[in-house]
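Here the structure comes first, spelled out in structure tokens, and everything after it is commentary.
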Amino acid sequence: MGSHIELGTSLHPSSNSSPLHPIASNSATLGRHLARRLVQVGVKDVFSIPGDFNLCLLDHLIAEPELNLVGCCNELNAGYAADGYARAKGVGACVVTFTVGGLSVINAIAGAYSEDLPVICIVGGPNSNDYGTNRILHHTIGLPDFSQELRCFQTVTCFQAVVNNLDDAHELIDTAISTALKESKPVYISISCNLPAVPHPTFTEEPVPFYLAPRISNQMGLEAAVEATAEFLNKAVKPVIVGGPRLRVCKAQQAFVELADASGYAISVMPSGKGLIPEHHPHFIGTYWGAVSSSFCGEIVESADAYVFVGPIFNDYSSVGYSLLIKKEKAVIVQPNRVTIGNGPSFGCVYMADFLTALASKLKKNTTAMENYQRIFVPHGIPLKREINEPLRVNILFKHIQEMLSGDTAVIAETGDSWFNCQKLHLPENCGLSFNLSMIFPRYEFQMQYGSIGWSVGATLGYAQAAKHKRVIACIGDGSFQVTAQDVSTMIRCGQKTIIFLINNGGYTIEVEIHDGPYNVIKNWNYTKFVDAIHNGEGKCWTTKVKTEEELIEAISKATGEEKDSLCFIEVLVHKDDTSKELLEWGSRVSAANSRPPNPQ
């Protein structure tokens, strides 16, 4: 956090743009400026749905040679795709139309807000002449008030710009984009439909590159926080470190590794932080998730006499229904700009990366917790012997997915039992993390805080579009797939080579384990035929169904061999009650938390 912030590929203009070069007055338009600004901050692909209020703006985005417009099947998936793109690139963007598009995409934008992702949501708005009149427009709820969409976005974005006047358009657009990058949150930009093509003097030169002011810790506060934390930890017998999801927004992954190397402590990761720290690190002991932690990890963390939680989010899901056996007086909580030791003291204006780097030089080496882990650790058992052509089990499926992982793959896990099965995957070197200039991006993604069922289809589209050098492996349940299935079409159209494992167990299994009912059973589809229909002979797509391990092995061999340049859709048929033991435990605890009776009044 102590150096200037670079998002996406770079905050500097591309090699063939010169920031102070004047451009022809008839090209000095708002639409061109916005397109160039998106390219400049690292957005090369924009996910869109056309509508009459944004068509002129889309013309200008298409006209920008360094920008690719990706047409999606619906607004929700366009927003999910921008979310996935931002996870891989550092920033994403989507374009929809006024109100009917905006209110459709807003769920995805709320998810991006909860996960600290800078997504630029652009909406084509009403003609500038209609503002302030008493006119009723289409795509509205029939009132002469155009602010409904804006008011909805105010709660799920960190900045909102309504551009209906060219005089302040330049300032509003630049402020919105720079705020998204600084806050690592989504922003909303509404642009009147009659403005993108109109020249204006403020757009007569190439956009000057952003330079975002560095966030610098209060030096006295930093020194005090480091001294107090070092004193606290150096007295501990078996301290541990746990990484959380806010490592991403603070870009503190490298500082976390420095601290782990210097301290010798055992390190683990919260489930929502998986992929943010290297799992090949010699001190890595697994995922800490209370009662459903990796084997032997929970015991080491919860028996420690001091634990450093770096960037945690403690919600009912990550705490397994508020059942973590963690004591506040033993914890050092490191948040993006604050450090709290035990029940106090607390130090503000101390930024995470600065703090971790400074603390690394002050800690005594202590490998006790790591030695305890090695003492009690027993390697994973081998799955039970199976019969030839025995129905496929989920644990067998994920054994084979584990073998597929390499530095050239990335994993997307949909909300559901895939959360728990993918948590157990060991991410090999370069699969969990990769380095891009000064940035570190995870290669494992799931949406734990917001947990929107159906997120993964759009997110896979966006992520694969951004990380073309990776082959994405998406694990999606049948219930989730039915919510957002259409944009497999867009994956095929974009020539993506993703491997989708569609796990068909007949319903919303994660909901079944929290609270069962007939509403958790869904209509079964012929999923491979559905994707074949979408494919329709255009582009490269291969589908298959598997019911046994023999068929699975053959399918994976084909997907990674002769069909390696195709989008591969593998429908895996498993028993409806074949779930991970972690989901069974987690579901019962979340159910107990959800069903607590009202406190007496």
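Including glycine, each Cβ sits where the backbone N, Cα and C put it.
All annotation found in TrEMBL is predicted automatically rather than curated by experts.
Since we're looking at a predicted model, the values are computed, not measured.
Listed features, source TrEMBL:
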- Asp478, Asn505, Gly507: Mg(2+) binding site (BINDING)
- 10-22: compositional bias 'Low complexity' (COMPBIAS)
- 29-134: domain 'Thiamine pyrophosphate enzyme N-terminal TPP-binding' (DOMAIN)
- 226-344: domain 'Thiamine pyrophosphate enzyme central' (DOMAIN)
- 447-572: domain 'Thiamine pyrophosphate enzyme TPP-binding' (DOMAIN)
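According to DSSP, the secondary structure content of the domain 'Thiamine pyrophosphate enzyme N-terminal TPP-binding' (29-134) in residues is 51 helix, 22 strand, 33 coil. For the domain 'Thiamine pyrophosphate enzyme TPP-binding' (447-572), residue counts in helix, strand and coil come to 58 helix, 28 strand, 40 coil, using DSSP.
Helix, strand and coil counts under DSSP for the domain 'Thiamine pyrophosphate enzyme central' (226-344) come to 39 helix, 25 strand, 55 coil. Fewest other C-beta atoms within 10 angstroms, among the binding-site residues Asp478, Asn505, are seen around Asn505. Across the domain 'Thiamine pyrophosphate enzyme central' (226-344), mean pLDDT in this model comes to 95.
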